[in-house]
Amino acid sequence: MATCWQVLWAYRSYLTVFILPILLLPLPILIPAKEAYCAYAIILMAVFWCTEALPLAVTALFPIILFPMMGIMKASEVCVQYFNDTNVLFLGGLLVAIAVEHRNLHKRIALRVLLTIGVRPALLMLGFMLVTAFLSMWISNTASTAMMMPISHAVLQQLHKSPRDRDIEEGRSNPTFEFQETSAEKKVTKHDNRQIHPLPPGSLESKTNRIQKNYKFSQGMSLCVCYSASIGGLATLTGTAPNLVLQGQVNSLFPNNVNVVNFASWFGFAFPVMVILLLLTWIWLQILFLGFNFRRNFGIEGQTQEQERAGIQVIQREHRQLGPMTFAEKVVTFLFLVLVLLWFTRKPGFYRGWGELIFTDADGTSMVSDGTVAIFIGIIMFLMPSEIPGLTQDPERPGKLKGPPTLLNWKTVNEKMPWNIVFLLGGGFALAEGCEASGLSYWLGSKLTPLKSVSPSTIVFILCITVAAFTECTSNVATASLFLPILASMAQAICLHPLYVMLPCTLSASLAFMLPVATPPNAIGFSFGGLRVADMARAGFMLNIIGVLVIMLAINSWGIPIFNLHTFPSWAYTNSSTHCLASQPNTTLSNL
C-alpha cells in the first residue's frame, strides 16, 4: 500500500498550486497596501518557478491576472510588457538562428573548424569548446549542444578504438577471427594441449588504465561541450535570455536611459568575459579529466598517428556528407553578416552610428532599435529563395512550373521557436513594471540604505555568489526576472550605478554548471557522457567560483569606461535616490 508520504509526493504539484496561495494570504490581508499585494504576487511566482509546480511559461502569465485584480496596474499596461522591444529583438534574433539551423550552416562551420584544429586531446577539447561557444553566441545553447554532442562522441569512438577494431571496420582482417581472438583475450591468450595461459599482469593493467583514461576523456568532452554552450551565450545580447531580461528591465525601470544596454555595448563588455572564462574552463577540465601530463594532452607523446587519422576521418566523412556549400547557405551567411554589422554600427557609442544619423525624431533620438534590425533581416529570409530562381517543373504536377522555396517558412519557425521563453521574458518585464507601479521598489530601496556603508565590490561579489547558487535550482530567466528589479532598487537606494550591480548578476544567472537539471545543455551532456551528478558538481563548483571572479574582474575594469560606472547616472534618479544628488562625486565606486 502506498504510504502517506508517497501520496503527498505524487500530488506535490497540485498541493503546491492550491495550498501556497492560501498560506501567503496573511501578507495582503494584514498589510492592505499595493506594496504588499505586489510582494504577494512576486513570492507566489518565485515559489512556482523554483518548484515548477506549473510550467514556467504559465507562471509567467500570473501578472495579467493578479496585477489588475489587486489594483496595481491596468490589464492593458501589463499585457504590453509581453511583447515589448526586447521581446521583438529576441524573436528577430531567433528567426535568423532558425534559418542557420534549418540550412545546416552551423554544422558546416563546426566541422570546418574541427578539421583545422585537429584531434589531439587538448586541442580537440579546445576545438569543440570554441565551436560550441561561437554557435551559442547566435543560436540557442540547447541547439548548439544537441548538435555538437553526437559529433564529439563519434570522434571519441574512433580515437578510443584499438587498431584491430579499425581493421575490422575497414575490412583489412577477418571479423570472425578477430571476434574469437577478442573473446579469448579476456581470459586466455593461447590454447596449447588444453593448457590455458593467462595474460601477463602488465597487459591487463595497461588495458584497464587505457579504458579508465578513455572514460575520463569522454566525461571531459561531454562537460566541455555543455559548459561552453552556456559560456558562449554570455557574449552577445541575444545569446541567452537573461541578457535580454536585463535590457528589457533597464528600459522598463529607467525609461530615460538613452539605450545604454545595446548590442554593441553588451558585446564590448561580455565578449572578453566569455573568452577568459572559456580558456580557464578549458584549462580546468584538462587538469580534472586529462591530468597534468601536458605533453600527452597536446599529442607530443602517447597518441599514435593512426588514432589521430581515425578521428580526422570521422570529421571528414561528416563534412563530405554536407556536400558543397549551397546557394541557401551562402545567402544565410551573407544576411547573418549584414545583421551583425548593422547591430554593431547602429549605436556603437564611440561615434554616431547609422541609427543616430538617419531615422531620428525631432529631438535627434534614434527611432530604430536592435529589434528593428533583427525583424528586418528575419522578414527578408521569408522573401529570399533558397535556390537560384529558374524554370523548375513541379514534380507533383507535370507541365506546371514551381518556384523555389524560401530560406525560411512559417512551419519551420513555428516548430523551432521557443515560445515559452517569450512568455517568460514578458512575465519578468511585467514583474519589474509592477514593482515600480506599486511602490515596492521604493520601499525596498528605503530598507536597503544601510548597505551604503559596505564596499560596493563586496556587495556585488556576495550577490553574484547568491545568484549563481540560485540559478542551479531554477531557470536562469526566472532567476534574472526575480533578482534584477530588487537589485535596481537597492542600487538606487545606496547611490550605486544600477548597471554596476545588475550586469554582473545577469552574467551570474548563466553560471549553471553544477547540476544536470540546472540548464538544458547540462542535461544533454549528462545523458551522453556517462557522468554522475558528483562528477558534474565537482567540475561545476570550481567553474562557478572562476566565473564569479572573472565577472568581478570585468565589472571593475573594462566595464567602468564602457558603461560610465564611476558616476551615478542622471537617468537613475527617483524619489529614493534624490539624496545621491548632493553626494554625486562620492557615489558609486568611491568605496572600492
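Residue numbering: from 1, along the chain as shown.
Cβ from N, Cα, C; glycine included.
Automated prediction, rather than curation, is the source of TrEMBL annotations.
The feature compositional bias 'Basic and acidic residues' is assigned by TrEMBL to 162-172, 183-195. Residues or ranges marked as compositional bias 'Polar residues' in TrEMBL: 173-182. For 162-203, the entry in TrEMBL reads region 'Disordered'. Taken from TrEMBL, the feature transmembrane segment applies to 12-31, 38-66, 86-102, 109-131, 220-246, 266-290, 327-345, 365-384, 421-444, 459-487, 539-560.
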Checklist outcome for this item: Ranking 12-31, 327-345, 365-384, 539-560 by Cβ pairs under 8 Å to the transmembrane segment (86-102) puts first 365-384
Next on the checklist: Can you tell me which parts of the same chain pack against the transmembrane segment (12-31), counting only residues 6+ beyond its ends and a CB-CB cutoff under 8 A?
Outcome noted: 37, 39-40, 43-44, 47-48, 51-54, 70
Item to check | Annotated stretches the transmembrane segment (421-444) and the transmembrane segment (539-560) touching (3 or more Cβ pairs under 8 Å) | outcome: no
Checklist entry - Same chain, outside the transmembrane segment (365-384) by at least 6, Cβ under 8 Å from its Cβ: which residues? => result 85-86, 88-89, 91-93, 95-96, 99, 237-238, 259, 262-263, 331-332, 335, 338-339, 342-343, 346-347, 355-356, 359, 406-410
